[in-house]
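Presented below is the structure to which this report refers.
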Amino acid sequence: MTNIRKKHPLLKIINNSLIDLPTPPNISSLWNFGSLLGACLTIQIITGLFLAMHYTADTTTAFSSVAHICRDVNYGWTIRYLHANGASMFFLCLFIHVGRGLYYGSFTLLETWNVGIILLFSVMATAFMGYVLPWGQMSFWGATVITNLLSAIPYVGTDLVEWIWGGFSVSKATLTRFFALHFILPFIISALVMIHLLFLHETGSNNPLGMPSNSDKIPFHPYYTTKDFLGLLLLILLLMTTALFYPDLLGDPDNYTPANPLNTPPHIKPEWYFLFAYAILRSIPNKLGGVLALILSILILMIIPFLQPNKQQTMTFRPLSQFLFWILVADLLTLTWIGGQPVEDPFINIGQMASMLYFFLMIFIMPTSCLIENKMLKW
């Protein structure tokens, strides 16, 4: 008798995606981050649902409702800090996941890669809107500054900003629509994740060698389910340690002050995971130029597959490309640091140099290194 998981219409899909999925035998722990991102999304949806039960999307009561969640709701503080720090874990896993894709040449799986970039944009939009909801000082001014960037778009910019605000400034209408969008987007992200996996399972996973592994595959369960479970335990350990011992480590103290449109904080800055893009935005003195650079800093990932002329898929056997990849990582860490600093010398110059290096590495230096390596290998 054939197993029910192989016959039942619904269980068959789950079986082919999570149990009997043919997987390369040599994928490393860096391939764990896909499942960890799924876990992060689940944690965010569950904690977010409980927070939404007690939160009120109104400018007069939003801040108080968050305080009420932390003080009066059973384990409300735990749920709130798990949600806030869960977002940080989400982005940490996202950045490693994208970095692994760049290092091992997973961008050659075009459909999977492009859906992944759309997912990245969606998660960034969701996180930004979530940061506005507590209605603290940094929430209000972050929303004002970032949405106001759209006014740089010629002709329609000002109208677009007022349309997003629902008025002539960030107000109750803005908060209400941000809450509605913040609630619905994770479910849209879940649907995109399904499409991401659908495209991935069409081609099969890449592996550290970049070699075809069709002749040598192993089932996903039990080998990679146990491996993923270990990664999940480590993620939960890190999340719990942060949420329970250092809940405000990654937050901004200004957000414990209720939003005041008459008082601007000395340094307006987003959460740590947006600082690299914020530094690129600030490094260009022109408003429209800054906005374009900000969008291109992520959108550039879409053209990476067309900029890489390498004959070997992964960087495993390409020392020059490896060296440049780690320079790129160091550059992004520098940009993250600069994004959190005030706009004054020497930070302005460092930010401009780091931003230039980021785009030069992506567009010119790394593709050139690929050509040099091809030449050295006589390919």
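Each residue, glycine too, has its Cβ placed from N, Cα and C.
Annotation source Swiss-Prot lists heme b b562 binding site at HIS83, HIS182. Under the heading heme b b566 binding site, Swiss-Prot lists HIS97, HIS196, citing similarity to another entry as support. Taken from Swiss-Prot, the feature ubiquinone binding site applies to HIS201, supported by similarity to another entry. Annotation source Swiss-Prot lists transmembrane segment at 33-53, 77-98, 113-133, 178-198, 226-246, 288-308, 320-340, 347-367.
Features per Swiss-Prot, on structure.
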| residue | record | CB count, 10 Å |
| --- | --- | --- |
| HIS83 | heme b b562 binding site | 21 |
| HIS97 | heme b b566 binding site | 20 |
| HIS182 | heme b b562 binding site | 21 |
| HIS196 | heme b b566 binding site | 21 |
| HIS201 | ubiquinone binding site | 14 |
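Using a Cβ-Cβ cut-off under 8 Å and counting only residues 6 or more beyond its ends in the same chain, the transmembrane segment (178-198) has close neighbours at 17, 38, 41, 44-45, 48, 52, 55, 57, 112, 115-116, 118-119, 122-123, 125-126, 129-130, 132-133, 143. If you compare Cα positions, the residue listed as 'ubiquinone binding site' sits closest to HIS97 out of the binding-site residues HIS83, HIS97, HIS182. Away from its own ends, the transmembrane segment (226-246) comes close to residues 29, 32-33, 35-36, 39-40, 43, 78, 81-82, 84-86, 88-89, 93 of its chain (Cβ-Cβ under 8 Å, at least six residues beyond either end). Tertiary proximity for the transmembrane segment (77-98) is limited to same-chain residues at least six positions away from its ends with a CB under 8 Å from its CB atoms, namely 30, 33-34, 36-37, 40-41, 43-44, 47-48, 50-51, 66, 69-71, 116, 120, 123, 127, 130, 235, 238-239, 242-244, 247, 250-251, 271-273, 301.
Beyond the ends of the transmembrane segment (113-133), by six or more residues, the same chain brings 55, 57, 62, 66, 87, 90-91, 94, 97-98, 101, 106-107, 139-140, 142-143, 146, 174-175, 178-179, 181-182, 185-186, 188-189, 192-193, 195-196, 199, 270-271, 273-274, 298-299, 301-302, 304-305 to within a C-beta distance below 8 angstroms of the stretch. Residues of the same chain lying 6 or more positions beyond the ends of the transmembrane segment (288-308) and with a Cβ under 8 Å from any Cβ of it are 98, 102, 105, 107-108, 110, 113-114, 117, 120-121, 124, 149-150, 152-154, 276-278, 280-282, 355, 358-359, 362-363, 366-367, 370. Geometry remark: HIS196 (heme b b566 binding site) versus HIS182 (heme b b562 binding site), CA distance 21 Å.
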